[in-house]
Amino acid sequence: MDRIIEKLESGWWIVSHEQKLWLPYGELPHGLAANFDLVGQRALRIGEWQGEPVWLVLQHRRHDMGSVRQVIDQDAGLFQLAGRGVQLAEFYRSHKFCGYCGHPMHPSKTEWAMLCSHCRERYYPQIAPCIIVAIRREDSILLAQHVRHRNGVHTVLAGFVEVGETLEQAVAREVMEESGIKVKNLRYVTSQPWPFPQSLMTAFMAEYDSGEIVIDPKELLEANWYRYDDLPLLPPPGTVARRLIEDTVAMCRAEYD
């Protein structure tokens, strides 16, 4: 339940609007509410970090509004809370009216949900599951440059899970669609909330089975096998893609060094 922020309230402040985050001095605001002109604003407590509350404030600031990507290199827990705040802010902004009857809605006091008093419909934040997979062939890993990454970054393959599809089926389909190869020995590794805008990345490792690389030009600029000790520009630390690549490199080193 939200509350009015008082002068001596302190903590971490997620000030968000339209999927943007207020980052004065390039950092998440931390400290007394009075120091950030937040006294009197409505805020929702969305978690705790290092023993202090994390507050969500639905507000636009004229300056220093940026992407949550700018805090990705901070601690994973803090990045996750920042992502939660941005996703919740967008959820509340986009669910002011009921999609069934058109009447105004209001936030639930007990959970992350919006309620319609007219038809009693209940809405929850939508989460889009995605798969991301590192594919190994002997001492090499399959890396691709995506159409949306024209800065030279090469990463592992990923894609959204379709309706009525298992995670395993999504891996096989996405890999085939984007690269033209088949994989085997799929193994789940980890997951990562990814607020761009509302994804949950489910990470896997797999082994090459068969086929030659044939890229989908609508998705990829190029794809190739890279030996573990001769890699191109990689995604930044803190991303699950980087974790998968580093784990694959570690396995290759153990076998081939």
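Glycine residues also receive a Cβ, built from the backbone N, Cα and C atoms like all the rest.
Per Swiss-Prot, the features are:
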type	residues	note
BINDING	Arg69, Glu111, Tyr124, Gln192, Pro193, Trp194, Pro195, Phe196, Pro197, Gln198, Ser199, Ala241	substrate binding site
BINDING	Cys98, Cys101, Cys116, Cys119	Zn(2+) binding site
DOMAIN	125-248	domain 'Nudix hydrolase'
BINDING	Ala158, Glu178, Glu219	divalent metal cation 1 binding site
MOTIF	159-180	motif 'Nudix box'
BINDING	Glu174, Glu178, Glu219	divalent metal cation 3 binding site
BINDING	Glu174	divalent metal cation 2 binding site
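Features as recorded by Swiss-Prot, highlighted on the structure.
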residue	record	contacts (Cβ under 8 Å, 6+ apart)
Arg69	substrate binding site	Phe196
Cys98	Zn(2+) binding site	Pro104, Met105, Cys116, His118, Cys119, Glu121, Tyr123
Ala158	divalent metal cation 1 binding site	Cys130, Ile131, Ile132, Val133, Glu174, Met201, Ala241
Glu178	divalent metal cation 1 binding site	Ala144, Leu157, Gly159, Ile215, Asp216, Glu219, Leu220, Ala223
Pro195	substrate binding site	Val68, Ala82, Gly83, Arg84, Val86, Gln87
Ser199	substrate binding site	Ile127, Ala128, Pro129, Cys130, Phe160, Pro193
Would you measure the largest Cα separation among Arg69, Glu111, Tyr124, Gln192, Pro193, Trp194, Pro195, Phe196, Pro197, Gln198, Ser199, Ala241 for the substrate site and round it to whole Å?
31
Which residues of the same chain, at least 6 positions away in sequence, have a Cβ lying under 8 Å from the Cβ of Cys101 (Zn(2+) binding site)?
Cys116, His118, Cys119, Glu121
Among Glu174, Glu219, the most crowded of the binding-site residues [Cβ within 10 Å]:
Glu174
Across all chains shown, how many C-beta atoms besides its own are within 10 angstroms of the C-beta of Pro197 (substrate binding site)?
13
Around the divalent metal cation 3 site recorded as Glu174, Glu178, Glu219, what other same-chain residues have a C-beta within 8 angstroms of the site's C-beta center?
Leu157, Ala158, Gly159, Val175, Glu177, Ser179, Asp216, Leu220
Same-chain residues six or more away whose CB lies under 8 A from the CB of Tyr124 (substrate binding site)?
Glu111, Trp112, Ala113
Shell list (Zn(2+); ref centroid = CB of Cys98, Cys101, Cys116, Cys119; cutoff 8 A):
Gly99, Tyr100, Gly102, His103, Met105, Ser117, His118, Arg120, Glu121
DSSP-derived helix, strand and coil totals, residue by residue, for the motif 'Nudix box' (159-180):
13 helix, 2 strand, 7 coil
